[in-house]
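See below for the structure under consideration.
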Amino acid sequence: MAQFDTEYQRLEASYSDSPPGEEDLLVHVAEGSKSPWHHIENLDLFFSRVYNLHQKNGFTCMLIGEIFELMQFLFVVAFTTFLVSCVDYDILFANKMVNHSLHPTEPVKVTLPDAFLPAQVCSARIQENGSLITILVIAGVFWIHRLIKFIYNICCYWEIHSFYLHALRIPMSALPYCTWQEVQARIVQTQKEHQICIHKRELTELDIYHRILRFQNYMVALVNKSLLPLRFRLPGLGEAVFFTRGLKYNFELILFWGPGSLFLNEWSLKAEYKRGGQRLELAQRLSNRILWIGIANFLLCPLILIWQILYAFFSYAEVLKREPGALGARCWSLYGRCYLRHFNELEHELQSRLNRGYKPASKYMNCFLSPLLTLLAKNGAFFAGSILAVLIALTIYDEDVLAVEHVLTTVTLLGVTVTVCRSFIPDQHMVFCPEQLLRVILAHIHYMPDHWQGNAHRSQTRDEFAQLFQYKAVFILEELLSPIVTPLILIFCLRPRALEIIDFFRNFTVEVVGVGDTCSFAQMDVRQHGHPQWLSAGQTEASVYQQAEDGKTELSLMHFAITNPGWQPPRESTAFLGFLKEQVQRDGAAASLAQGGLLPENALFTSIQSLQSESEPLSLIANVVAGSSCRGPPLPRDLQGSRHRAEVASALRSFSPLQPGQAPTGRAHSTMTGSGVDARTASSGSSVWEGQLQSLVLSEYASTEMSLHALYMHQLHKQQAQAEPERHVWHRRESDESGESAPDEGGEGARAPQSIPRSASYPCAAPRPGAPETTALHGGFQRRYGGITDPGTVPRVPSHFSRLPLGGWAEDGQSASRHPEPVPEEGSEDELPPQVHKV
């Protein structure tokens, strides 16, 4: 049986994100000239602390926040102990009389201190309760651990504080008003002065992101490839998603940083996991470790459950009293945050996208209120409100009514009932357009299953979107159930996937010079992980197992290039971005738009625009979203997609961050007529955009540009997927330990590169290499990205990345027997399957 070598290898120089000639560079600095920040060993932790200090708005805010977290834990434990052991509830509930005077017949007013037990009685009751003593001892040990960790972190963050002041020259008072891009630019400049990393002369933006997001990128890839057990089919409820903070913590503990994890340190995978010869033994070892951690979770379940209940009660009781409808609000689920996250996307960037999509997402979910539920809510509000009105009127007439037993309780419950019922009654003046709302949501969240488009009005789409955008009450309930469910998921669902996880980390881990071991998906290389239906046809050599799903590679690459305009992408990424820009220019030229504005004003445009803020970039998105249904007669669905694609392309083509009254000067003027990427790249060095306000404006326009690109790329993907719907469908099978090969692809040859369908209004297709427009447009991208000479597909030799790796994914009609290479015997009884991925 043919077998392949899956030996982990060092990343090639063209993939290392290093300047030529610096791949094995070791910078030497004289002893007397070393700065305090020369050769920082753990750059992952250092850059993460730099980022955290920026996000927490400086050292003082971070210090006070950490102190309050310690105080919160003490308060919850102490207050709960006091309520259990030091309160006489018979007096509090008036079941026992209290006499303060010498005359028992005189009426006595009970005060709150009367219900408190004396200190001696309270102490005796605590000592008699063995369970309470055990819980207090465990809580005390945990609090002391947090206190020691707090002191250590303060010492470390004081060093980061000094780094901001002396190396980056950013005072703490100005830090809350500095964007992360400004801080990152100063870090890149500081590398040249202090040699923070001695393995590279210069740091890039991608290096910093890789250091901060090393483990997060692995988690995003694991969710993208459906390797983590997060979806379950429940009897009577159908498919459900369960992903909580406790479950995520256990995943990270097992895989990344816990004792016996897969990583030797923050930046290096253990050597045995880089070789395929012991994969079965390593999988068994991982399975046993998951079992023991699951058992530990089961034993600690009572304590964790008590803590979860108490913390949720103290956190949400006041909110529920003040705003009863708060639990009816929605939030982005933890699974949704991981599914929607780009590779190399920091937490504040993700949060900004999701915040922009929150209002349209809420309005979309409100479109599906049940008519029966609305009818019941209206009548329930009527009956409860009538009784409440009578009680309030009686109270106004005579306040002694409140002294009647349970009157105040009844008033409170009736008020909560009325508030809850009103939350299920839709606004009678609101007009809902589910398809338009879903398109607005897509513009911000960037990811969406293909079958949602055109089916926004269906309950199935609503239910699937609810997995990403869940009720706050459901979120709290899942967190409360997490201590019980997490051990079951670890023992019975995660353990059977141990072999697939081992294969995943071996096949998709690469070593980057000056960075260490990273997830290969985080390199955003369309050649190795691109999807042919996401504009990568002819530019990717990835098998179905190697390609990222839902266009994650392509959209992540576009997002990172727009967010970091100074980044120089690799050759293949530059070719992809150039091809996308060329397609945008062609589709934009095909759209006939009115002079003086993108789209005319109309009622639907105004209603869609009301979903957004008043800023100009978001209004541009509203124009594009409303355009396809506001102008012209109804068209068939395929022609509507072409028209919509042309409109988005026109918006991108004319997109410019300059306000109408500003006059561009110099080099910026010549680039503003191109895509937004070029415009912002040129303007980032211009005096027009200097200052903090200009940085925020550029960030807003970058977000809008990415939203337009997401709409455009999804439309292209939809049309290309319709052309070949079954070619790139993949599924995950159980790990094959027998080494059997995949189905033979014998007769199928290499696929020819396919061109992306053009707009329906585009008259004809000129050959790409000879088109003068292509040459001119690509010249701008050459100046922007360091350039290539040919805008077409980059010629390359056949790569070992075209092989189909382990893990059980198989491409329809294809075999796994490509480029057979024998594996030398290692004396191991583990047998490798013939589908491998060599990095």
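Positions of Cβ are set from backbone N, Cα and C atoms, glycine also.
Checked against Swiss-Prot, the domain name for Tyr209 matches that for Trp452, so both face the same side of the membrane. For the residues Ser741, Ser817, Swiss-Prot attaches the annotation phosphoserine to Ser741, which does not rule out the feature elsewhere. When the residues Ser459, Ser738 are compared with Swiss-Prot, the one annotated as phosphoserine is Ser738.
Residue with Swiss-Prot feature phosphoserine, selected from Ser14, Ser101, Ser573, Ser686: Ser14. Swiss-Prot marks one residue of Asn99, Asn129 as N-linked glycosylation site, namely Asn99. In summary, of the candidate residues Ser35, Ser656, the record from Swiss-Prot lists phosphoserine for Ser656, whereas the others have no such entry there. Tertiary neighbourhood of the topological domain 'Lumenal' (398-406): same-chain residues 391, selected by CB-CB distance under 8 Å and a gap of 6+ residues from either end. Across the topological domain 'Cytoplasmic' (425-470), DSSP assigns 25 helix, 2 strand, 19 coil.
Distant neighbours of the topological domain 'Cytoplasmic' (302-319): 76, 79-80, 135, 138, 246, 326-327, 476, 479-480, 482-484; these residues of the same chain sit at least 6 beyond its ends, with a Cβ under 8 Å from one of its Cβ atoms.
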